[in-house]
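Peer 1: Let me give you the structure first, and then I'll get to my questions.
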Amino acid sequence: SAQGVIPGSQIESLIRLLVRSPLLPLPISLTAKYNMWSFLPRYLYLQFSKAANAFFLFITILQQIPDVSPTGKYTTLLPLMIILTISGIKEIVEDYVSLLLVIVGDIVKASNGQFLPADMVLISSSEPQVTCYVATSNLDGETNLKLRQALLETAQMQTERQLSSLSGKIECEGPNRHFNTFIGTLYLNDESPVPIGPDQVLLRGTQLKNTQWVLGIVVYTGFETKFMQNSIKSPLKKSRVENVTNVQILVLFVLLLAMSLVSCVGAILWNVEGTWYFGTKDYSSHSLGFDLLVFIILYHNLIPISLLVTLEIVKYVQAMFINWDEDMHYKENNIYAIARTSNLNEELGQVKYLFSDKTGTLTCNIMKFKKCSIAGIIYGFVPFLDEDKIIYQASSPDEAALVKWVKKLGFVFTTRTPTSVTIEAVSSILNTFSCNRKRMSVIVRTPTGNLRLYCKGADTVIYERLSEDSLFMKETLTHLEHFAKGGLRTLCVAYTDLTEEEYQQWLTEYKKASSVIQDRMQSLEECYDKIEKKFLLLGATAIEDRLQARVPETIVTLLKANIRIWVLTGDKQETAINIAYSCKLISAQMPRIRLNTHSLEATQQAVTQNCEALGTLIGKENDLALIIDGETLKYALNFEVERSFLNLALSCRAVLCCRLSPLQKAEIVYLVKKHVGAITLAIGDGANDVGMIQMAHVGVGISGNEGMQATNNSDYSIAQVSSAGMSIEYRESIPETYPTCLFSYETISMLAIFFSFVPMHFILWFAFVNGFSGQIIFEHWCISLYNVIFTSLPPFTLGIFEQCCSQKSLLTYPQLYTVSQTGKTFNTKVFWFQCINALVHSFILFWMPMKMLEHGNGFIVSYIQQSIASVIFFFLQFSHLAIWGSIIIWMVFFAIYSFVWPTIPVAPEMTGQVKLFEDTAVSFLILASSLASVHFSSVFFPSGPQSQ
């Protein structure tokens, strides 16, 4: 391919080391959605997949047929081109168009502080132990540095001459999204194969730190890098307002066809009867089809061409407001909120169910060692002096807390080299290994020469591997429950002694499993299982993970706003309950329903009994808390039980689901999304939250210590969960021109309603007085620019700056949020009410004295400005500028357009339309009426100093 990459569909891609340039200077490599060749076809496909744009393209094509269009050939083409141009600029702004500058096989040299342009295998570095440090915060959000180790076989390859002689090949797995895994083998000429793991790989997007330079061989570029493999787009999500609008546009199209057919029948009747100046006419099927096209073109303004582009621009600006919001700026890490999509802004104002992770979402995910249980005895925290300060970089907050604690006890982790770890203790480490099943082990040799394996992990994982001879099991379980009630995170620690023969036999199998290409991780897992068994329990640790700032206040505000909160966590029940108490999700007086069963029958019976106990209160919100674990949920989601379980859960004010897998989190969100007609929002910070984030109507990722998986797959990303309450909280530091999420829903709904009112329905009435001849009531450019220019500015200011009430009022009365939850501001009923309302108004406007029709277009432009002014609550300078500006634009256009012919061969019928005194009087009346309407709105609906 252009990038020199073997297709990623192959399980094993063979990558040749084609050394083109031994020391390729580090390029800046960007990957974009488009490039200069694909932009036009992909963009046009995207735009014309929208029903409205496809319809206007259809009208544009019809207008090119000779003698068919009563409105000219270009009256739809020009506005459509303007809309496509604006949308195209928006796409380009949101997407960098660029070319990749490195290919597979290149040798790249990177210097300290630079970002790596591709995934590459580290072959040498400036450090004595051929190591290097990289910052991976762009990938996983972790602020600690990661150590990477070059292969000893290539450590001496540092000069251009040495690199030029490098010859061999790399076999590795196909491109994938897993940051922490890499399976490959290096084959150098005349040497034994060398296994390559994640410790030898530098990923694109990471930054070189504390290292002068590194050299690496590129193995993945472009979209095949792990960075881009993780930058997948979230599933296509559309807001409820957008769905309603799209359906109604299709219905309007059907109505357009019906109106055209009725007009065709009218034309037939008119021509059959004949008139003294036309005579009789033979009305053939050909002329019927001809007139049908004429009327379709004539009435096409029934569908407002500027609706979609106006909504897109308004939503984009609203998304920028979210990105600029200083109250959602986490200054400690300099992280701003990011709207990764602008399509769902209005959904944030309709959320009814919020699904939240616990660790890293409600809590800080910053660990502090508090207590431990050793041989059945609890030991608490001890005021130690820490004179020799060492900064530890750990891949897990739990591990950092443990290492810091044992350092205070005299067991100091001091040095790490490629082949050893130095600890101020009495044993040496031989092997360390972890796996995906919540445990990690280390093999050490004691001063007496004995071999011992230590393992730490979750209690469920450790206890299933304990020997029958293990002691203190019951006491430790009691202590674990005690720690969990205090909201502490727990781990168990165990060990087993190994013989020299057992270890050597296992080591041989381990080395063999480490070098295979196919299913390497599975082979390693099987190898670990063979030695991690028959443990003797040592005890347990308890680590504190405190709540994030302002979490209790945020929870209380959300609850007052009638948002139901479900906590979905992998932690133990007691830990989750304690956190729920701390964040004020549940209270000590709140009754609790616990579901802890071990079979389908028991689960069904427990759910049924609790539903019957609620009686008539089932389905209504009660002051109850439902607590369920993952094993029980497995049965509760069975098709025989799920509806009863859902009814029970919906009857509770708070729901805690514990010990859940990532799949179960997504299943719960899907259950509510499928059966409840309400908007759902899921928020989390880790890779295990991605499923529920993508499943919910709105997904929010937190940029925390669990990596960037959640944020990369979210619709919106924030730094702290307290930002989730910003949509209904007063933000003193934000200018009042910044609308909150609730206002986004209200303004988007008002825009959709406005555009259902704007179309020029009076064109239909004109057909009744012109014999259904297809004649237009105004000059065709005046009609075409009506939606695009003359009535487009006020909707922009309405959508961007309008607020239904002050933000301070929303904080004082969070219950105001419930107004938007019901979705009654905009729905099918409201849409068609406004359409009928517009039809009635057009009827009244049309049958006014003919003198008014002489200035009809200007009068209607003014009338529309007055209509939108009457619904604006929050008047700013922009509102006045848009309303007055639209009227002035029309007057200037009309005046100039009346004099262009014959200098410019267009619009001869407009010649002499401007009559100085009469038009001045009419214009004055138009401006005066608009001023009165705007002044009335400003006086009776003031919104701060701007309204003055």
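Using the three backbone atoms N, Cα and C, a Cβ is placed for every residue, glycine included.
What TrEMBL says about a protein is an automatic prediction, not a curated fact.
Okay, these came from TrEMBL:
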- Asp357: active site, 4-aspartylphosphate intermediate (ACT_SITE)
- Asp357, Thr359, Asp685, Asp689: Mg(2+) binding site (BINDING)
- Asp357, Lys358, Thr359, Glu399, Phe433, Lys456, Arg489, Thr569, Gly570, Asp571, Arg659, Lys665, Asn688, Asp689: ATP binding site (BINDING)
- 31-77: domain 'P-type ATPase N-terminal' (DOMAIN)
- 757-933: domain 'P-type ATPase C-terminal' (DOMAIN)
- 43-62: transmembrane segment (TRANSMEM)
- 74-93: transmembrane segment (TRANSMEM)
- 247-272: transmembrane segment (TRANSMEM)
- 292-314: transmembrane segment (TRANSMEM)
- 748-768: transmembrane segment (TRANSMEM)
- 783-801: transmembrane segment (TRANSMEM)
- 830-850: transmembrane segment (TRANSMEM)
- 856-876: transmembrane segment (TRANSMEM)
- 881-901: transmembrane segment (TRANSMEM)
- 921-941: transmembrane segment (TRANSMEM)
Peer 1: Which stretch from 43-62, 247-272, 292-314, 783-801, 881-901 shares the most C-beta pairs under 8 Å with the transmembrane segment (830-850)?
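Peer 2: The stretch with the most contacts is 247-272.
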Peer 1: Give residue numbers and ranges for long-range contacts of the transmembrane segment (292-314): same chain, 6 or more residues beyond its ends, CB-CB under 8 A.
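Peer 2: Same-chain residues near the transmembrane segment (292-314) but 6 or more away: 50, 52-53, 55-56, 59, 62-63, 65, 68-71, 76, 79-80, 83, 86-87, 90, 242, 245, 249, 252-253, 255-257, 259-261, 263-264, 342, 747-748, 751-752, 755, 758-761, 763-764, 774, 776, 783, 786-788, 792, 795-796, 799-800.
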Peer 1: Taking the Cβ of Arg659 (ATP binding site) as the reference point, list residues of the same chain whose Cβ is under 8 angstroms away and which are at least six residues distant in sequence.
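Peer 2: In sequence order, Gly570, Asp571, Lys572, Gln573, Asp629, Gly630, Glu631 meet the Cβ cut-off.
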Peer 1: When the number of other CB atoms within 10 A of each residue's CB is tallied over all shown chains, which of the recorded positions Asp357, Thr359, Arg489, Asp685, Asn688 has the maximum?
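Peer 2: Output for this query is Asp685.
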Peer 1: Test of understanding: give the count of other CB atoms lying within 10 angstroms of the CB of Gly570 (ATP binding site).
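Peer 2: By my count, 21.
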Peer 1: Same-chain Cβ contacts of the transmembrane segment (247-272) under 8 Å, 6 or more residues past its ends?
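Peer 2: Long-range Cβ neighbours of the transmembrane segment (247-272): 51-52, 55, 278, 280-281, 283, 288, 291-292, 295-296, 299-300, 302-303, 756, 764, 767-768, 771-774, 828, 831-832, 835.
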Peer 1: Restricting to the same chain and to residues at least six past its boundaries, which positions have a Cβ under 8 Å from a Cβ of the transmembrane segment (74-93)?
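Peer 2: Cβ under 8 Å, 6 or more out: 34, 39, 43-44, 46-47, 53, 56-57, 59-60, 63, 300, 305-306, 308-309, 312-313, 316, 780-781, 783-785, 787-788.
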Peer 1: How many neighbouring Cβ atoms, not counting its own, are there within 10 Å of the Cβ of Asp689 (Mg(2+) binding site)?
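Peer 2: So the Cβ neighbour count for Asp689 (Mg(2+) binding site) comes to 31.
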Peer 1: In the domain 'P-type ATPase N-terminal' (31-77), how many residues does DSSP assign to helix, to strand and to coil?
Peer 2: 24 helix, 0 strand, 23 coil
Peer 1: Expressed to the nearest Å, what is the distance separating Asp689 (Mg(2+) binding site) and the residue listed as 'active site, 4-aspartylphosphate intermediate' at their Cα atoms?
Peer 2: 7
Peer 1: Express the distance between the Cα positions of Arg489 (ATP binding site) and Asp357 (active site, 4-aspartylphosphate intermediate) as a whole number of Å.
Peer 2: 15
